[in-house]
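Contents: one structure, followed by commentary.
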Amino acid sequence: SKREIKMRKLDSTKVRPLKSEQLLHIEDHDFALRPGFGGSPIPVGIDVQVESIDSISEVDMDFTMTLYLRHYWKDERLSFRSNKNKSMTFDGRLIKKIWVPDVFFVHSKRSFIHDTTVENIMLRVYPDGNVLFSLRITVSAMCFMDFSRFPLDTQNCSLELESYAYNEDDLMLYWKHGNKSLSTDEHISLSQFFIEEFSASSGLAFYSSTGWYNRLFINFALRRHIFFFVLQSYFPAMLMVMLSWVSFWIDRRAVPARVSLGITTVLTMSTIMTGVSASMPQVSYIKAVDVYLWISFLFVFLSVIEYAAVNYLTTIEERKQLKKRGKASGMYSMDAVQAMAFDGCFHDTDVDMDLTPFPDPCEENETRASQSNISNADTPRLRRKRSLKGNVGRIILQNNHVIDTYSRIIFPSVYIVFNFFYWGLYM
């Protein structure tokens with residue numbers, strides 16, 4: 001009746017379908033079911049264009065990638081008549097009303113569809129029922145990294161795609177164009193890595209409760225740039241090791257100079273090692289950089305131990321010589337420092353002191369100096385000074401222990417051999 005028609009027009013709960021929905025006959029079908037439900041599995045082709053690799057995190061062992069994900073399938077329920085055989089393109093509003101593949105990213109931590117200024121979703125339907133569904137996604141996924149060769153390592157990561165609800169009996173996931181289904185932007189680059197290759201592969205995944213599923217893999221290999229770590233870790237470690245060798249050329253009697261140099265290099269090496277460890281995950285195995293830094297630390301530590309041995313043996317040797325001289329002549333020959341410690345007076349040069357009891361040695365020395373009328377050119381003190389100036393090299397050589405002499409050759413030689421072995425093994 002006319003009254004019923006009028007009431008239908010005034011009912012606000014009834015929404016008139018859009019012209020596109022009327023053309024696709026969406027209301028005439030149940031899109032909760034997949035196309036061809038009850039028959040053979042529906043083939044869904046996939047192709048991917050990688051826009052960028054945003055970051056690689058060693059600490060979290062993951063990577064972040066932005067990509068265009070495109071799905072291809074045929075749904076005869078969406079076929080329509082077209083005189084010009086042209087496709088129709090829709091945005092994301094139609095997606096909620098039809099069936100689309102439920103592809104998800106395996107081992108994904110975070111992911112989202114870009115929505116500026118609107119959701120980056122595109123649906124294109126052809127007259128014969130073929131469908132193209134495209135969306136722009138940023139996804140962060142796990143990458144199981146091996147740091148045993150860090151920072152001379154190459155990491156192999158993969159992004160895996162799979163249907164969540166439909167196993168291989170209902171949905172067959174495959175690469176639409178084979179190996180050409182995966183394309184990348186020409187300007188993709190990373191600060192610490194060089195992208196060696198991108199490849200596409202496929203396989204099967206089994207779940208005990210639901211069965212076998214088709215799985216697609218986006219594989220890529222990343223080779224780390226070594227130059228940054230050479231400047232930040234390797235080169236400073238080399239300099240610290242070489243700096244520790246300077247103590248081998250310092251007089252063995254200069255205790256403060258050699259000890260302070262050794263402690264400084266040890267602390268600096270500890271700082272370098274701590275800085276490298278802070279930026280890495282706490283793995284339970286030894287990395288290549290750990291081997292280099294610990295060996296370098298060992299060289300620096302041994303240079304400190306070397307001087308401890310030199311100082312100890314020097315002290316024992318001087319005591320033996322002092323006893324021999326005392327037994328032979330009843331006199332001890334001491335340098336200025338030893339003499340001052342013995343009698344409390346300052347001496348410019350080596351002195352010979354009798355160990356027998358004697359009066360105030362300071363007054364005796366001053367009286368002897370004031371009564372001396374010998375010319376300055378003939379004094380033993382000046383002769384000793386001239387001899388000292390003329391034989392500086394000989395005196396320095398005599399004042400260094402034999403261990404120092406061997407260390408100047410052994411330490412650099414062994415360190416050079418270690419570097420050749422290390423870089424040859426890991427490069």
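The first residue you see is number 1, and the count goes up from there.
Placement of Cβ uses the backbone N, Cα and C atoms for every residue, glycine included.
Remember, TrEMBL labels are computer predictions, not curated facts.
According to TrEMBL, the protein has these features:
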- 26-225: domain 'Neurotransmitter-gated ion-channel ligand-binding' (DOMAIN)
- 226-247: transmembrane segment (TRANSMEM)
- 234-323: domain 'Neurotransmitter-gated ion-channel transmembrane' (DOMAIN)
- 259-279: transmembrane segment (TRANSMEM)
- 291-310: transmembrane segment (TRANSMEM)
- 409-426: transmembrane segment (TRANSMEM)
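Helix, strand and coil content of the domain 'Neurotransmitter-gated ion-channel transmembrane' (234-323), in residues and according to DSSP, is 76 helix, 0 strand, 14 coil. Mean predicted confidence for the domain 'Neurotransmitter-gated ion-channel ligand-binding' (26-225): the pLDDT average there is 91. With a cut-off of 8 Å between Cβ atoms, the residues of this chain six or more beyond the transmembrane segment (409-426) that come close are 149, 152, 241, 245, 248, 288, 291-292, 295, 299, 302-303.
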